[in-house]
Amino acid sequence: MVDLESEVPPLPPRYRFRDLLLGDQGWQNDDRVQVEFYMNENTFKERLKLFFIKNQRSSLRIRLFNFSLKLLSCLLYIIRVLLEKPSQGNDWSHIFWVNRSLPLWGLQVSVALISLFETILLGYLSYKGNIWEQILRVPFILEIINAVPFIISIFWPTLRNLFVPVFLNCWLAKHALENMINDLHRAIQRTQSAMFNQVLILISTLLCLIFTCICGIQHLERIGKKLNLFDSLYFCIVTFSTVGFGDVTPETWSSKLFVVAMICVALVVLPIQFEQLAYLWMERQKSGGNYSRHRAQTEKHVVLCVSSLKIDLLMDFLNEFYAHPRLQDYYVVILCPTEMDVQVRRVLQIPMWSQRVIYLQGSALKDQDLLRAKMDNAEACFILSSRCEVDRTSSDHQTILRAWAVKDFAPNCPLYVQILKPENKFHIKFADHVVCEEEFKYAMLALNCICPATSTLITLLVHTSRGQCVCLCCREGQQSPEQWQKTYGRCSGNEVYHIVLEESTFFAEYEGKSFTYASFHAHKKFGVCLVGVRREDNKNILLNPGPRYIMNASDICFYINITKEENSAFKNQDQQRKSNVSRSFYHGPSRLPVHSIIASMGTVAIDLQDTSCRAASGPTLALPSEGGKELRRPSIAPVLEVADTSSIQTCDLLSDQSEDETTPDEETSSNLEYAKGYPPYSPYIGSSPTFCHLLQEKVPFCCLRLDKSCQHNYYEDAKAYGFKNKLIIVAAETAGNGLYNFIVPLRAYYRPKKELNPIVLLLDNPPDMHFLDAICWFPMVYYMVGSIDNLDDLLRCGVTFAANMVVVDKESTMSAEEDYMADAKTIVNVQTLFRLFSSLSIITELTHPANMRFMQFRAKDCYSLALSKLEKKERERGSNLAFMFRLPFAAGRVFSISMLDTLLYQSFVKDYMISITRLLLGLDTIPGSGFLCSMKITEDDLWIRTYARLYQKLCSSTGDVPIGIYRTESQKLTTSESQISISVEEWEDTKDVKDPGHHRSIHRNSTSSDQSDHPLLRRKSMQWARRLSRKGPKHSGKTAEKITQQRLNLYRRSERQELAELVKNRMKHLGLSTVGYDEMNDHQSTLSYILINPSPDTRLELNDVVYLIRPDPLSYLPNSEPSRKNSICNAAVQDSREETQL
């Protein structure tokens, strides 16, 4: 490089001085060469080609001019025929010579000259080296036939009356029309419609055939009948319609031959055109055609993008979307890359859906298909992932690309996206609303373990039910004879609504008052449950911000009610008093119907005597002293307008008192073990930070393995750890990132440390290191590699003393060849667990909600059969929640993530639903926002009596807001139902039993909800006993008595005892203690259900679990020293405040 630089000589001084004055322009201009590009387009031929062919607009004008010219020539031919006088005689000269006036001849010559010149010019411009290709084209030959004779007649005047078949120009006009339509579509930038073109070609072909036949017959009959144009038209229409009256017929052989030729041409050309049209029509039916621009601009529509459309997904979307009155005029455009299956096609042919649903086959990644769906004019776009795929990550990737494509094509279109894996969520943060399936699923299953039936509670809240229907017969469960089904169905109609406080009749009077005061009095007066609020200048929703929050006029209130306030009617005070008097004669558990409370503005008749003049009786719900009890009912402190937080407790009123009795040594050890803070490691990007109970130091990975000893501990089974609380076992296929959201809600900072349950992850596959890094900071979290198929694995992980077992649906089994068979393995495994461990609370996730009828299946249980019939009736009535009366769902024992699809659909109308659901599930934590928890009603709490008094007690003491009740009752069957449960064959088997008491016991046990509860034989034993009973008449009396005795001995050995013995033997074989196995404890003869926002006078019952939204403990600090328990809670809150720096 140095040598090259040394070879360059220095510039002379004069050049240096010139460069200083003029810059570098002087010598650069000397060497610069101007280059012109695209010189090939500057030739005369290329300029003509650009004007006549390439340029869209000029080419369209040329095509239009050519089309008009051909129509003009046909019009001149008709004028010539009409002006011509009929010739005399039948000489053949009339075929070759016609009478043509001079002006008409001049016009036809001019048209011929222009047409021929244009044809030759276009042929020259499109010439590509083969001259015969241009000459032998049919349009060029027709042009020569129709134009050259007129040009020759200019120089040879005797040929001016020569007949020229100018009517053949109609075919040239047809050809020009096709080219013009193509150029028109290019000019207006519109996607060409093959169906439109084909229909146009068919119509123009038919018209050309008829016009050619009319003119040809009329001319050939000049030597015959002398037909005019109208007679020729009549003859052609009659002939082509196959009617053939015969009143007008051709006479000459030439005209007859021409008619035969035209019929042959029609029989060849028209079927081809119809076949192509039919093919395109079928393809159009498959692809769905287009959604017109005019409709998109004048009507409202949303687009649903899916990779494959199943009938269940379609009906869930349509039922939920059109459940809102203001969406009745919307259209749904479905954009799916696959062909419509038979079931979907059948549904979309129903008039109710065919008028509002349009199916387009196409891909969201193609702008052409997005244009067909008019995505840029859509009100919203719903993009759903296909969960029934083996590779769910690949399904998410497709969803991400669809979302990007829609955002690129229509940036102003609101996006509602469903994603499966939480690690993929950050790719679509730009979407307006996102629902991550695994996040919601695991958080909901986790809360099910500490707040029973949370999954059912959330599912009912996000579904649009018919509980608010005016017609009683249309409401869920109102036709059932069971009272619990009526109450449960009516309360299921409660949903979350919003309204501005100053515009509300419910809440306007509470401006300037505390949130808890407004919540209690709104429920007392109107029966609505105020659960959250949002400032006008803030996007964050606060669930139960507590008694320190003062309501403003501009606040947006979120409340639970049967219907929104705008659809409610209010009675005056006199009407309410009359209704209260008439209603006071009934003293049932639910005295006032919900709808009557909603429609009233008066105060509900709640017995709160002496509550306005008495102070709080104590910090808990405990019953006051006996002396006070003898004089009057226990009093409840009133809810203050502006709360005095010195009397507000931040701890659970009904929490375990053992936490108060903790010794100083236990407190010291507890403080050393646990800390409060944010998890230092998150397994995926985009997880919401949650304040949790954490360990001071992370646990070594070897200590996370439950069934393997290491150098730090020597425990090899759950029993050896000596946990004080019962286990929560999660059976999953893999330790995905979503499983992290199962642990976080159970280790949230507001959960008491004494109530933390150990978590055991029973995994089919070993977890990876990233997942272990995330969970090693949480206390009492372990994993074990095993399967629920293996009894030994279940026993090692501590299933015998577990509080809950969560069975997560496996990804590898989510897809099956036959619909609804994806849950087969899960259902059978859970049924085995149900048989082996009847006292275990099992929470199962299924792929298809329809399969929940197989959970805890009892084929001969008449109560389950009655519920099956009720479900069918509700489905026939059009209910969106036909499965809600199934006992496993009502009790919160089964859940399907597809039930939460409606959460995304509801967000189109209620854009706050996703945020509220995430706050309830603990997926998001906002400072000042409360959390979902529960409390159990014990015998000491029954003095409160009603739900309204409980509402007041909670609001006045702790600031908690109750939102519902989880109630458990024993199953009671009527005599008729009991009789149904015994089949004829069983009755024949038991009719020989002489002991009436034993017969009654068998009869009573047969009505139980669990067929395995009473002493029945296994299947083979029953078959053997029946065979003996059928052979009975063949034996003597002594033999019959012997057979009867053998059958009684078999009955005494129950299936439950055999299973219990099997489990105990396996436990002994594994070296496990059998003390924790309670083989006879059974809670399966009960039914549980949820009452969302029950009426204020609903009676509390023993073992009711009340759902609470508790204020954030970190939002305030009490100023006084109430009780010892309260001070402990305040200290915990103070520690939390110091750690979080909030």
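In case you wondered, yes, glycine gets a Cβ from its N, Cα and C as well.
Listed in Swiss-Prot:
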| type | residues | note |
| --- | --- | --- |
| COMPBIAS | 1017-1037 | compositional bias 'Basic residues' |
| DOMAIN | 299-435 | domain 'RCK N-terminal 1' |
| DOMAIN | 725-865 | domain 'RCK N-terminal 2' |
| INTRAMEM | 229-249 | intramembrane segment |
| TOPO_DOM | 1-63 | topological domain 'Cytoplasmic' |
| TOPO_DOM | 123-137 | topological domain 'Cytoplasmic' |
| TOPO_DOM | 174-198 | topological domain 'Cytoplasmic' |
| TOPO_DOM | 278-1142 | topological domain 'Cytoplasmic' |
| TRANSMEM | 64-84 | transmembrane segment |
| TRANSMEM | 102-122 | transmembrane segment |
| TRANSMEM | 138-158 | transmembrane segment |
| TRANSMEM | 161-173 | transmembrane segment |
| TRANSMEM | 199-219 | transmembrane segment |
| TRANSMEM | 257-277 | transmembrane segment |
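Stretch with the most C-beta contacts under 8 angstroms to the transmembrane segment (199-219), considering only 64-84, 102-122, 138-158, 161-173, 257-277: 257-277. Long-range Cβ contacts of the transmembrane segment (257-277) within its own chain (Cβ-Cβ under 8 Å, at least 6 residues beyond either end) map to 195, 198-199, 201-202, 205-206, 209, 212-213, 216-217, 220, 239-240, 250. Across the domain 'RCK N-terminal 2' (725-865), the DSSP tally of helix, strand and coil residues reads 58 helix, 29 strand, 54 coil. Over the domain 'RCK N-terminal 1' (299-435), the average per-residue pLDDT in this prediction is 91.
Within the domain 'RCK N-terminal 1' (299-435), the DSSP-based counts of helix, strand and coil residues read 59 helix, 28 strand, 50 coil. Note: the topological domain 'Cytoplasmic' (123-137) comprises 8 helix, 0 strand, 7 coil (DSSP; helix = H, G, I, strand = E, B). Below 8 angstroms of C-beta separation, residues 45, 48-49, 52-53 of the same chain, each at least six residues beyond the ends of the topological domain 'Cytoplasmic' (123-137), sit close to that stretch.
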